[in-house]
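For reference, the structure is listed below as structure tokens.
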Amino acid sequence: EHKTSTMSTNNSNNPTAPTSQPAIPPTLSHLTPLTKNELLLLSTYDQIKQYEKISAKLKATEAKRRLEEADERYRAKVRERERLENGGDDDVGANKKNDGEEYSAAQQYNDNDSSDDSEDDAAKQQRIQKQQQQQQRQLEITQLREEIEAKSQRDVERDAAKKREEEMRRELLGPEGKKTKKKRPREEGGDGGVATMAESEQQNDVTTNNDFLQEHDDHHDMGNESFMPTSSSQPSIISGPSIKKKRLDNTSNNNTNPSTSLIANISGGATPIHDFSTKLKMSKTSLDGSILFPTTIGETPWRPPTNPINFMDGCFELDLPDFDPKNLSSNSNTNNTVAIKFHAPQESSRFSINIAAPNHNGYDSILFHFNPRQFQRGGQLVINNKNESMWGNDLSVPLSQLPLVFGKQACTLIVQMTEEGLDVFVEGVHCARLEHRMALPKLKGPLCLQFPASDDYGNPEDWEVYRVWWGHKDSMAGKDLSGVAGVNLYSSVHPKKLFVSGLPKIHSDPEVDLRR
């Protein structure tokens, strides 16, 4: 008893100690009395419980304080936005005061509105209009912020693409081409100083474009094998040494004739971006073929819509008339070649072209699918076919092995149909062959050329078509096809197929891709 009273006295002097000892239930009075350590343990447990309650109250108080601060910050932002919209930057203190008074008046108005059921209809209508205006303003601010973020993202992607293009150009020029980017003396008639690096790079770019256009016009001949990059007798359009040599020649010409304009050199022998090269003999309608698009002079290039519902919404379709699959041999004069002059912007991610038979059933069956994808696995050209809504095994060619497609002012695509398949030429380079995977139409008639508005998932495509030609051309393929993707590929596929039964039905293209 003495020890118990002493412990009670100590607990009363210690504010952190419990005020009383835990009571023993009457039903347990026959048990052994609790020891001192057990009593201390129970007291500590009660003290912990009290601390937990105090901690919970403090947390609730702190959370309430943070909510009040957040609410105050939000109200301050609202007042600041209304001040900028109504009064600008003049008399900031007066506007803040007026905003506070307006907010207090609005708050009092809302309180009175909740308690007074006899408010007139005009005041209610005014309050509803004000709320709608605030919601509309918030929606406009959100849309503007999203547009700014999207534009910033596009700018970043465009800068990255330009940087990659510049690195590729420097690699093509070689080590000697990089040295010429250093300081060079100005032309005669200047101030006798030293040209800056920016001016030197600009002059190099203009000269390189001149060389490229001139060489492009010289070597793109449809009637011989000068299209092939493997020819050793003529330089390639992307050959580093050839570009370097021509730039030195132009530099010497500029030194002897300072009055010559670089812009005049570029525009002198260049082909217009909306027309085919004169070497191709596709600029006018002739016995060999005709221009399918544009049909009138001055017609604007075709561009896909910005927000299509699907690939058929706003697509561009043309008929390729008088196609006779029985006369695809080299001795016949049947229409077998389609040429497309187009432009794909630097920021474009993809575009596609389809060639189908007349009974394509909404393009569920496609003979030929051409689809460059700039940002997929470092850039890929995907060529495929589609049979009853099922895509075949795609033929992928890295874009790094082809002439520049994205970011170029204009590019020429030629698809030639032969007995072996469909040969694909980009800027005269034989880049792929899609061997016939489906039966061609049995009778003479038209084929369908389609430029889809989007991919299978509704993502819009970004490019524009300048000109389309359809007619007959002799085979452009060379004798050596060892480096052409897709040659003798489809025939090596095993003829048997594996059929699996009991699978659920699928109804969309994403499900088809997942099933494959």
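Keep in mind that glycine also has a Cβ here, set from the backbone N, Cα and C atoms.
Unlike curated records, TrEMBL annotations are generated automatically.
If you look up TrEMBL, you'll see 1-20, 125-142, 229-242 marked as compositional bias 'Low complexity'. Summarising the annotation, TrEMBL assigns compositional bias 'Basic and acidic residues' to 62-86, 143-178. According to TrEMBL, the domain 'Galectin' annotation covers 324-471. Residues annotated as region 'Disordered' in TrEMBL: 1-30, 62-198, 218-242.
Using DSSP to sort the residues of the compositional bias 'Basic and acidic residues' (143-178) gives these counts of helix, strand and coil: 36 helix, 0 strand, 0 coil. Here the compositional bias 'Low complexity' (125-142) has, by DSSP, the following mix of helix, strand and coil residues: 18 helix, 0 strand, 0 coil. Computed over the domain 'Galectin' (324-471), the whole-number mean pLDDT of the model equals 93. Residue counts of the domain 'Galectin' (324-471) by helix, strand and coil are 6 helix, 73 strand, 69 coil (DSSP-based). Secondary structure counts, DSSP: the compositional bias 'Basic and acidic residues' (62-86) has 25 helix, 0 strand, 0 coil.
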